[in-house]
Amino acid sequence: MTAIPVKKKVQVSFVIRDEKEPMHRSGVNCLQYDAQTGRLFSGGSDTIIRIWKSPDRKDDSGSSYSVGGKTRVRRDLHLQSMEHHTDWVNDIVLCCGVISASSDTTVKVWNAQKGFCMSTLRTHRDYVRALAYARDVEMVASGGFDQLIYLWDIATLTKLTALNNTVTTSSLTGNKDSIYSLATNPSGTVVISGSTEKVLRVFDPRACQKLMKLRGHTDNVKAVVVNRDGTQCISASSDGTIKLWSIGQQCCISSLKCHSESVWALQVDSNFSCVYSGGRDKRIFRTAINDFKTAQLMFIEDAPVQRLQLIDSESRFIWTATWNSSIKRWPLPSDAQISVEIKSDQYGETIPSIHEPDLTIPGAASIRQHVVLNDKRHIVTKDTDDNVAMWDVLKGRKVCDHGKRPMEEVIKDHFKKVFVPSWFTVDLKSGMLQITLDESDFFSAWVSAKDAGFPNIQNDTKINYGGMLLRALFEHWSRSFSDVDEESPTHRFNSVPGHTPLILCESTGRPIFRLMIRDAAHETESQMLSDFVPPWVLDVVERNQLPKFNKMPFFLLPHLSLGIKTPKKDRLSATEMLQVRKVMEHVYEKILNVNDASYSENGIPSAAQMLSPSLQANIEERVELYCQDQKLDPEMDLRTVKHFIWKQGGDLMLYYKPIR
């Protein structure tokens, strides 16, 4: 018997952002420098790879201003952004172009000159954390949380395209835990991995064989570098130590604990004569490899250090990437200028050799807090600069800025006593708002046209937020249904900005396809959407079909003040979107107006006694409706009454009282 493959659940996500994002929005995870072009490459938690000019120390051209003396802040260095990842960019290497590794589980090959993704490798099944490049043999190794290392031939990768990206790869197996670091020498004779297993594993990539394990660390190995001939390596660990190893002797030659916390980043010079280290304690140390007992404190960053990039040329620099969104360049003194003597201030703190960077590439603030308002359409956020803003999910854009105003005040000012079910989720991992729509609850947000802010539409018209948003996200797609009348629940009252990234992904977050929504009009993207768009999206976008309203049972009883001993208890069922006004009309027409007598059989005054049988618009002047002894607003819907007033399980109990 052949098993029927289970079709994976597909979600739809989009990111609310500016059209151009020239600055990193969150922490910077990786750096690479191209000495031939003088360009710096950076990858960040905001999913974007950026390319920067790296000016010479004497180059004062461009827009810059000073901070704290000699530091120049340059806002004119951004050259290009490369976007196609959907999660953190964890590592990049420069070869024929750029190869990147991401927490979206993919490895991507880029044309750096034109700035586009040539192909996507989906071999890894979990976060891809590290890359290593063997320059002389044109090989790249990738490792991640799936405990596997894959070897890639660069010549093969450069021939791949977005539609033809099938490639054969070899793998190195044996790791028992998530891989956080990788290193290889230029000739590709060894590949070394560090992981949460607390050991270094050494492989021969030519034969795809394990060679040895190097034991000694007591925590995760976060960084590894290896010398040119593959005989020595240096590792950095969350245990706070850096260790020098002999691969031939399979032992630790020396260990140094100059850092007070985890060590995350290493860089060695071209001669493998000194190593620079940085980590959680924000301090960058320089250690001579032939004297692995002492380290000089070079400088102190203002946030934990994630990556270092040494520029080992005539003008020596080191670039730093931290938890902050800015990137800094620190000028390095010559070896002769570095004092072996450790100097301390009056409090006993070690004085760094370099007091400030000479150049800063500024970053932008990232969103760190959010609250979805109870209208389930607007979101209030606070960023790392304490700026508060409000966003409209339906329009995919910012509504207004509130500056440094307390977030709680803004939320209170925009509170509405209306209940709308949750129909999307919010993720801030990129420092920007990412909205995810799931089949299970996406269609649950039915609201009246009035509550949705469309006063010109008939009050009885019901709007489906999910359907409206889907139509806006896919409006450029050729298969999108366009003949929608004004009172349709998915009528396109607004459009989402064309630059908005749209992502189809599995429920695990693993991406299937990413594009800018305006590009859905292009033939290639349109065809790929046809291959990947799930049926629940097609129902709305292509066929304009929506699920029916949810039904809500409730009881109607005469108010206790009427003194009826054996009241009739009517159990009714209606859409949860039904307004209280409609229930009042039902009471007036069907329950109170039973005959023309002065009093009906149950002792309640008949409607005919009060006024003519024809129902007037002001029903609130004829009937009152109560729940939990609270008089109900005729404009409320049953869903809101149950959420804000009934506040318990079981069927809703409503009590009517005629106005005498």
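Every residue, even glycine, has its Cβ placed from backbone N, Cα and C.
These figures come from a predicted structure and were not determined experimentally.
The annotation repeat 'WD 1' is assigned in Swiss-Prot to 23-78.
Sequence-distant contacts of the repeat 'WD 2' (84-120) (same chain, six or more residues past either end, CB-CB distance under 8 Å): 13, 29-30, 32, 34, 41, 43-45, 47-49, 51, 126-133, 135, 138, 140, 142, 144, 150, 152, 154, 157-158, 160-162, 164-165, 429-430, 501, 503, 505, 509-511, 514. Taken from Swiss-Prot, the feature repeat 'WD 2' covers 84-120.
When averaged over the repeat 'WD 3' (123-162), pLDDT in the model lands at 93. Positions annotated as repeat 'WD 3' by Swiss-Prot: 123-162.
If you look up Swiss-Prot, you'll see 174-213 marked as repeat 'WD 4'. Sorting each residue of the repeat 'WD 4' (174-213) by its DSSP state yields 0 helix, 22 strand, 18 coil.
Feature annotation from Swiss-Prot assigns repeat 'WD 5' to 216-255.
Per Swiss-Prot, repeat 'WD 6' is recorded for 258-297. Long-range contacts of the repeat 'WD 6' (258-297) within its own chain (CB-CB distance under 8 A, at least 6 residues past either end) are made by residues 219-220, 222-225, 227-228, 232, 234-242, 244, 303-310, 312, 318, 320, 322, 330, 335, 338-340, 342, 350-353.
For the repeat 'WD 7' (300-341), residue counts in helix, strand and coil come to 3 helix, 19 strand, 20 coil, using DSSP. The feature repeat 'WD 7' is assigned by Swiss-Prot to 300-341.
Here Swiss-Prot flags 362-401 as repeat 'WD 8'. Residues 14, 16, 21, 23-26, 28, 45-46, 73, 75, 324-327, 407, 410-411, 414-416, 418-424, 426, 428, 430-433, 435, 445, 451-452, 465, 468-469, 472, 493-494, 496-497, 500 of the same chain sit 6 or more residues outside the repeat 'WD 8' (362-401) yet have a Cβ under 8 Å from a Cβ within it.
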For the repeat 'WD 2' (84-120), the DSSP helix/strand/coil residue counts are 0 helix, 21 strand, 16 coil
